[in-house]
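Quick look at what TrEMBL lists:
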type: DOMAIN; residues: 16-135; note: domain 'Cyclin C-terminal'
type: REGION; residues: 131-152; note: region 'Disordered'
type: COMPBIAS; residues: 138-152; note: compositional bias 'Polar residues'
Amino acid sequence: WELLVLEKLKWDLVSVIANDFLAHILHRLPLPADKVELVKKHAQTFIALCATDYTFAMYPPSMVATGSIGAAIHGLSLSVSDLSGEAVTELLAGITGTEVDCLKACQEQIEAALAESLKQASQSQQEFSAKTAAYGGSQPTSTPTDVTDINL
């Protein structure tokens, strides 16, 4: 129904997102051919992480995409045609027409968000392990724990 209403109102809700920039930026980078898909996959993960954090709402999608690619290259410790980390950042800034300082700040925020996300995941995994260890010796309950186990 929502699509029907939007069509009748002739509203176009298609917006440009960070993923739209990945192929264009990666095409212009001198990456080894066998590493392009790996960098793209990592950059897509970073973009998804940025979509869940409100601090990235102020950045345009091109900046998020560029910062994600920079963070992916930095995290994978890839060499881009024998360029240093600073030179890669400058190359990325030149490709998208952004300022180097803004791009560095965005990339650092992405890396910090990843570190925080991994820290939270580790803590929740430890809490889950502690809970399962505490209840490990007890009898299993008869209450279904999976949605598919419930018959309506």
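All positions are counted from 1 along the displayed chain.
Including glycine, each Cβ sits where the backbone N, Cα and C put it.
A TrEMBL annotation is a machine prediction, not a hand-curated record.
DSSP assignment over the domain 'Cyclin C-terminal' (16-135) gives 95 helix, 2 strand, 23 coil. When pLDDT is averaged over the domain 'Cyclin C-terminal' (16-135), the result is 88.
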